[in-house]
Each structure stands twice: as C-alpha cells, then as structure tokens.
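Feature annotation from Swiss-Prot assigns FAD binding site to GLY10, ALA11, GLY12, LEU13, ALA14, GLY15; the stated evidence is sequence analysis.
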Amino acid sequence: MLNKEVIVIGAGLAGCEAAWQIANSGVEVKLVEMRPIHSTPAHHTSEFGELVCSNSFGALSTDRAAGLLQEELRTFNSLIINTADEFSVPAGGALAVDRSKFSKSLTQTLSNHPLVEIKRFEQLDLPDKNRITVIATGPLTSNELANKLKNFTGLDSCHFFDAASPIIYGETINYDIAFRASRYDKGDPAYLNCPMNKIDYLNFRNALIEAEQATLKDFEKESANFFEACLPIEEMARRGVDTMRYGPLKSIGLWNPKWGDLFDRENRLKKRPHAIVQLRKEDLKGKLLNMVGFQTNLKWSEQKRIFRMIPGLEKAEFVRFGVMHRNTFLESPKLLLPTLQFLKRENLFAAGQITGTEGYAAAASGGLLAGLNASLLANNKSPVTFPDESMIGALMNFISNKNEIMSQQKKNKFQPMPASFGLVPELNNKIKDKKLRYKAYQKRSLEVLKEFKKVLDSSFEKDHILV
C-alpha cells in the first residue's frame, strides 16, 4: 500500500516546484535537501533554488520559446516563475532575478507551508518502494545517490562540464568607458557594455589561450566534455579568432551615443567596437554585475589578471570568481515515461536538469509535471501528460520514451535540450514568416493549456487548493 505522503529529494528549482504543487493539492510532502550538511562545488549557500550559473530565465516575449515556457508555468501558478517575477531585475527583454532574494523567498515560502516538512540530510539511497518519490537532485547529484540510480536503472549516467561566470562589484567599474545599453535598444538599457578595439581583443584572446586553468579533480584522467550551450570563455577563444565575437562578445546592435551619429555610415564603421563584453545586473540597484557568457575554469588569480584587461574593468573587484563543475543527467528516453515516471517503478518520478532539460524554466516545468502527477498518484488517480502542442509537453516528450527520434536512432547520444519551437508539432496551416509562425505556436499552446487545465482541475477534489 502506498504511503500518501510524497518525498521530494532536492530543493533546487524542480524540487521546489514539485513540492509546491504537491502541497497545494492537499498532499503532505517531505522535502529533502542535503545542503548545508553536504554542499557541492558550485553552491555557495544553503538556500533553496540557488542559481549557480546565470541569473537569467531567458527571453520574456511569448513568441520566443523561453518566454512561452515561462507563460505556461504562470498558467499553473508556478512558484518558481511567480518568485522570479517578484524579484526580477532589469535585463532588457529577458527575465533575470536578484538571485539572493529569489532563493531566500523560495526557502521561506516552502518552510512556512503547513503541508511541507523540510529535512536537511544527504539522501544516500532511493526511498522505500511504497513511498511516492520525486528525484529532483539536479546536475550536481551526490556521487552516492548517483551510484544508487545507476544500480537501479542499469545505465551509466551521462555528464558534461558546466561553469559559472564571475560577478563584479559595480562600484569598481570605470563608467567613463563602460556604457549602458540593450542590444538594438530593446527594453531598458539594462546591460553594461565594455567595448574593445581589435588590439584589445586579440591580446585578450591570447591571454585566455595561454592562461593556467584550475584542476578538475574528478576528471583529471578524462577528456573535457563541454555543453555546447555553455562553453567556457577560454574554450571559445581556443576554437577560433572570431568565435567569441560571434558569441557573447558580439558588438552588433550596441552603440554608445558618445560615439556620434549611429546612422552616419562612415562614422559607424569608424567607431564601432571590434567586440563588446556585457555585464548584467545581479540585483535591482546594480551593485553586483554578472559577466555575461564568461563561464570559465581559469584559476582565480588568472581570472583577476585577464578579466582586468577588459577596458572598463581595469580595477574590477570580484564578488565571485567563475568555477567549473560536473553536471550529471540521466539517459531519460530509455528510462522515463512522458509523465516523468520511471518505466521500472511507477511511483518514482524524476524532474529537472537531471532528466536532461536545459534552463531554469525547463527545470521548473519538470518539477511542475512531476509534482502534479505525484499528487494524482497519491490520490489514486492516473498521472497525466501535457498536450504535445505546449512547450512543457514538447520538452517532456523529448526527454521521455515518447521521443521517437531517440527510439529510431539508438546510436544518437542524448544531450540536454532547452525550450525550442523545433520540438512542438507543425501547424496545420504552414506559416513561412518565422515571427508569425512563432506567434501561432504561442497562441495554440496557451489555448490547449487552458482546456487542459480545466480537465486537470476536475481531477482534484474541490477542497484542494491546486493552482
């Protein structure tokens, strides 16, 4: 007989969302978090939902895949997105947050929920078979639990190298050189921009290539397996002279009014920087700034020396240096149903980045689905899948055994996937214009989710407080 209380292992974004959805359905939940008893190479606090990499959830606009995913989460009263909205900071057209206030709020909200019991210890094994459990331990799952999952699934977990960017004290930046602007003047001038001429850029690139890197003690005997969407800046420098310029250091769409008339072609060609380093606010007042796209595994002394070569950052003081760590994820298409239940055990769910979704909103969406389905199972009801036309449904299909591409091409190596319109079904009436097509995807998704939510709500008792 199943114990009605649900166990959620891991209080990251997916775990917090799962616990919230379960508790708000009227089911008791035990939320297990190993920090601060046992920390990780990337975490700095014991707060829930700590953002160890960027502080950005991606584009806000619903005609962008990331923005649509955020809006879908709002439809289901997502704790993660609601909290991100509450503690957002200016970031042009993106949703970025004050990471400290964000994680503290998550911790307080769940700690104060009457149906949530917080337990601080390292989970070393899978809970008993009669316990409904959500595994949301994230990409930094402890070695002990990762080995237990390996034994349970019969498969080795996958991994890649991930890294975090440095954070700088805003007051130590030279604002005579750095200027505020957003690319193409979209939204508020939320980014601080440090322009580089060609000589600056080439010297900077050479320094990155020759710099001494920190040792990854767990991987000294392994070749680097980087996640292409989050490459270390020194790896980009090694890949080619202009790789950084076509990535995080691209200057297109950024202009300082001090340089004169943007629409004077001769002036524009003369004054346009060879490259630009961008910094994004970490807090509302801009006291702390994150170096956008500057994930790195350089030694801290090298980071300080080389990043001070950037014009405007000559006297920069660092709140936090960049670090690299191992990210673990499951080969989910061989293990999970689209409901996020394990094929081998129907009362065991997985959610978040450990399943192979990429991005904060995607992690929350996994927590949302796993939490809803754990609640249904606790009430002796059948788990659900999100509509294929929704971004949540498309992502869950991709990471589950419903992923037809994976089933047909067994040799393909499963890699993490962010929200993408390439995952959703084609429209009945094809639209050539990309912007109009994306808007049509958005309209279709929100319409089907509205109907889906009505059906889902009816699955829960009226006295429950789900969504």
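Quick reminder: no glycine exception, Cβ is built from N, Cα and C everywhere.
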Per DSSP, three-state class assigned to ALA14 (FAD binding site): helix
Set of same-chain residues at least 6 away whose C-beta sits under 8 angstroms from LEU13 (FAD binding site): GLY49, ILE80, GLY352, TYR360, ALA363, ALA364, GLY367
Cβ-Cβ neighbours of GLY10 (FAD binding site) (radius 10 Å): 29
Cβ neighbours within the same chain of GLY12 (FAD binding site) - under 8 Å, at least six residues apart: PHE48, GLY49, GLU50, ALA136, THR137, GLY138, GLY352, GLN353, ALA363
Residues flanking the FAD site, with Cβ no more than 8 Å from the Cβ centroid of GLY10, ALA11, GLY12, LEU13, ALA14, GLY15 and excluding those residues themselves: VAL8, CYS16, GLU17, ALA18, PHE48, GLY49, ALA136, THR137, GLY138, ALA351, GLY352, ALA363, GLY367
Surrounding CB atoms that lie within 10 Å of the CB of GLY15 (FAD binding site), all protein chains: 31
Sequence-distant neighbours of ALA11 (FAD binding site) in its chain (C-beta under 8 A, six or more apart): ALA19, LEU31, VAL32, GLU33, ARG35, PHE48, GLY49, LEU106, THR107, LEU110, ILE118
